Amino acid sequence: VWFRNPFPHFHEDADFQIACDIYTGDDSELHYNSMNGGFGFVRSNDRARRFFQHWHDSRERFPGMHEQDVLNKIKDEPFIDEIGLRVKVLDTDHFGGICQPIKDLNVGCTMHATCCIGMESKIRALTAVLQDWKHFSSSPPESRNSTSFVWKPERTGCWM
């Protein structure tokens, strides 16, 4: 679900930017931030092209794994440094998910169905997020603060 324009919050110095399930607070830390392929921004350049080819080819080394799991396997490989790919993880203050939702909807840009398994649970959770957003955005401006808002998304099928 998109709440507002995310482009002002992308990093100028990154080739590949991606959302995560749980954000550690360090956008350059790739090992502990669990990348989530549900939302990303990629600059069109040779480094990114080579990375995507490597990611695609790596599926053969990890048969039966989902592309997100393959990404989390290869994110620490020397190949990323060798090609000079500049990677950043998107903070959950602006790019939240069901696992780690946006705390302040006044600044949040997107929410996606992290931690939800299967299309039905994703749709159920995001429908609830959309209902919360409608309630928040239709409330008087003086009541739209981060301390009074609480997410009420349906989390059946999500591993929260």
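All positions are counted from 1 along the displayed chain.
Cβ from N, Cα, C; glycine included.
TrEMBL: automatically predicted annotations, no manual curation.
What you see is a predicted model, and the numbers here were worked out from it, not measured in a lab.
Copied over from TrEMBL, here are the features:
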- 1-126: domain 'Nucleotide-diphospho-sugar transferase' (DOMAIN)
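Across the domain 'Nucleotide-diphospho-sugar transferase' (1-126), the DSSP tally of helix, strand and coil residues reads 38 helix, 24 strand, 64 coil. Mean model confidence for the domain 'Nucleotide-diphospho-sugar transferase' (1-126) is a pLDDT of 93.
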